[in-house]
Amino acid sequence: MTLTIGVLALQGAFHEHVQLLKKATEQAPPSEWDFIEVRTPQELARCDALVLPGGESTTMSLVAARSDLLEPLRDFVKVHRKPTWGTCAGLILLAESANRTKKGGQELIGGLDVRVNRNHFGRQAESFQVPLDLAFLGQDASPFPAVFIRAPVVERLLPHHEGIQVEEEKREETVVAPSRPAKDLATTASNVEVLATLSGQAARLATQGRDISPEAEVGDVVAVRQGNVLGTSFHPELTGDARIHAWWLRQVQEGVQSKRKTEQ
Ligand SMILES: NC(=O)CC[C@H](N)C(=O)O
């Protein structure tokens, strides 16, 4: 069985993802993999799964709109429900709602019933790396070197179907992914699972005493999953550590295999 894994290559760290996916196949079960860069609807149509890289989400959505990719991307995630993983800017695009978007708003793809807060930890110069515990990598796994660059956090998990509800005072800053017709929403997986939080202490140490947010004490949500959609605030593609890529490829493989079986 050949699996075609696409990396959205409109802007940002797509090359790094392709490299690390290739490295990750050394740890994943044997299969035939085809890794492709995606810039057109035709390339997207070939993919069994997709990665949205880090970079600049506003630019990515503008280029996606210009390339006639926005609707095909929304269908890929929400109608065909193919495995999709967004890192940093990719996570922003996969959120149903985002705060602190640029003036004039920003198109989102959606798929994760969450609201993200862009640039949560500050500017480029305030980037940091922390060892992050990721339980899904296994009980004995050593912490993952998580790189945060103008990273978003998931500031709210939205009840399903309520992705379009925003707080009054934030309305102007908030954009919302277009909702699907009810029949599509009904097939979308429901609950958002929190996969990782960054403790307030870790964040403070990493940013040398800067006060990050009142919520930081309970931990900022930096990795979530909802059905076929995975989002991480940090950039695993910028480390040499391929464990998350390998884990994700295994999920993709299992998911596609069981889907093909039920379709037979
Ligand atoms: N490193 C990143 O991907 C940063 C994301 C960026 N803050 C954005 O809004 O797109």
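Just so you know, the numbers here start at 1 and follow the chain as drawn.
Keep in mind that glycine also has a Cβ here, set from the backbone N, Cα and C atoms.
For the L-glutamine site, TrEMBL records Gly55, Glu56, Ser57, Ile149, Arg150, and the single candidate of Arg81, Arg115, Arg118 listed with them is Arg118.
For Ser57 (L-glutamine binding site), the same-chain residues lying six or more positions away in sequence with a CB closer than 8 A to its CB are Ala89, Gly90, Ile92, Leu93, Ala98, Gln106, Arg118. Neighbour counts of Cβ atoms within 10 Å were compared across the recorded positions Arg118, Arg150, His235; the minimum falls on Arg150.
Sitting within 8 Å of the Cβ centre of Gly55, Glu56, Ser57, Arg118, Ile149, Arg150, and not among those site residues for L-glutamine, are the Cβ atoms of Gly12, Gly54, Cys88, Ala89, Ile92, Asn119, Ala151, Pro152. Ile149 (L-glutamine binding site) sits 8 Å from His235 (active site, charge relay system), taking the Cα positions as reference.
In this record, L-glutamine is bound by Gly55, Glu56, Ser57, Arg118, Ile149, Arg150; the longest C-alpha to C-alpha distance in that set is 13 Å.
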